[in-house]
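As annotated by TrEMBL, domain 'ABC transmembrane type-1' applies to A:78-281. Per TrEMBL, transmembrane segment is recorded for A:30-52, A:72-104, A:116-140, A:146-165, A:198-219, A:263-281.
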């Protein structure tokens, strides 16, 4: 084989020869490579920075079930975070998906109301989360007298991620080919059956991507929760209790100035939780897709 | 016996008129072919026969379409109509589900729940569509793994599973290779013993090979309609002759 030269591979030398003639191409090549490198480097730097500063401060006490001012345990925050995720998703997934179904499958394409809802959703997703927090405090906490509670926080975040879920679902539904709809209607099925048996299953991957993004936003959210679910450091035993999530836990530890090390340790936990949830939701979505 | 009768049908897409005063009788248990150049209205007429045009926004129809003397636009439930008048599309469009679920989709839609009954319908439909032997060992596998020709026969089986009386085929072989095309044509000939078939085709040889009646469309009008033999050997109209001899189109 060695005596035969591969002719369909460009060697480094040949490449450089080509670039000599086209200086612009070389510059663009360098630029895209550099951009990719910077993105990657920043990410790696942050992750390493957190790990180096945080891993050393992870110890058994930090993971004890009850929070005290000595151990500043992270476990209540982990559990509260999961609870907030569940509450927000349970509320926003059905509403978000159904409103997207309305926009794509039921409303007339290009009608005024569709555009209005779309613009509203886009505007909502551009609002800073502290504004949602303020609204949540005034409406859920005060007006509806829910107090600082998991339910107030969950509802506030549900509103916050609603446009995201709606928009991603909408995109997913639009990308389902019309031939599926034709086939289903051609067999005498109605819109309801077509949507739930054919269109939604076919658009699941896209919808799940939206849900995963939403989970990411919930995990990372602190401003909107500060004024709604409050900052109590214990496990919330019912939805009317106040409880802090990981992001808030970290914010408070860092701002108090006494627990900087533990704040880094919390960041490590936050990172791990985020990665775990991401991986598990991707596994789930892959399994669902394979089934289909 | 007339299965379908179209009377004075005009069809508009928004402001544009696509069909002009169509009158046609479609005979039971025959293959009727619609031929004509692109955009002549043959697919449009086909889609009015099971009201698929209802899904097109701005589509307006006047006139009458009768299925066994019942007006399908006035006196019939559209879901019931589509159960009786099934459709096979230009490009094979199986659902992204298993072969079994594809076939069972129609019967389930119309209320069949029993496992035994569904198994029977699936086997029966696949046999009628001459696909059973090729797929019987992988009914639970995704239908998207089949070849194009197999997918199209699956779509025919899917249409058969709701026990229709009429099958509309919109250029069913235009996306297929010659061998798959031959299989579909044989299948159509076999099926006409039990079903009424209306087929749009771009392929004039196909029309002569399998159809009993042929309608020639031009610019939204039915120029000529008669037995396939007559239309192709002694066309009454000059335009038909020009088209079938390949002078245009």
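For all residues, glycine too, the Cβ spot is worked out from N, Cα and C.
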Sequence-distant contacts of the transmembrane segment (A:72-104), meaning Cβ under 8 Å and at least 6 residues beyond its ends, amount to 61-66, 114, 117-118, 150-151, 153-155, 157-159, 161-167, 169-170, 173-174, 195, 199-200, 207, 210-211, 214-215, 218-219, 225, 229, 233-236, 239, 243-249, 253, 259, 262, 265-266, 269, 273, 277
Given the transmembrane segment (A:198-219), its same-chain partners at Cβ distance under 8 Å and 6+ residues beyond its ends are 81, 84-85, 88-89, 92-93, 96-97, 101, 105, 157, 160-161, 164-165, 167-169, 171-173, 175-176, 180-181, 183-184, 245-247, 270, 273-274, 277-278, 281-282, 284-285, 288-289, 292
Lying 6 or more residues past either end of the transmembrane segment (A:146-165) yet within Cβ distance under 8 Å of it, the residues of that chain are 80, 83-84, 86-89, 91-93, 95-97, 100, 120-122, 124-125, 129, 132-133, 135-137, 140, 207, 210-211, 213-214, 217-218, 221, 224-225, 227-230, 232, 236, 238-243, 245
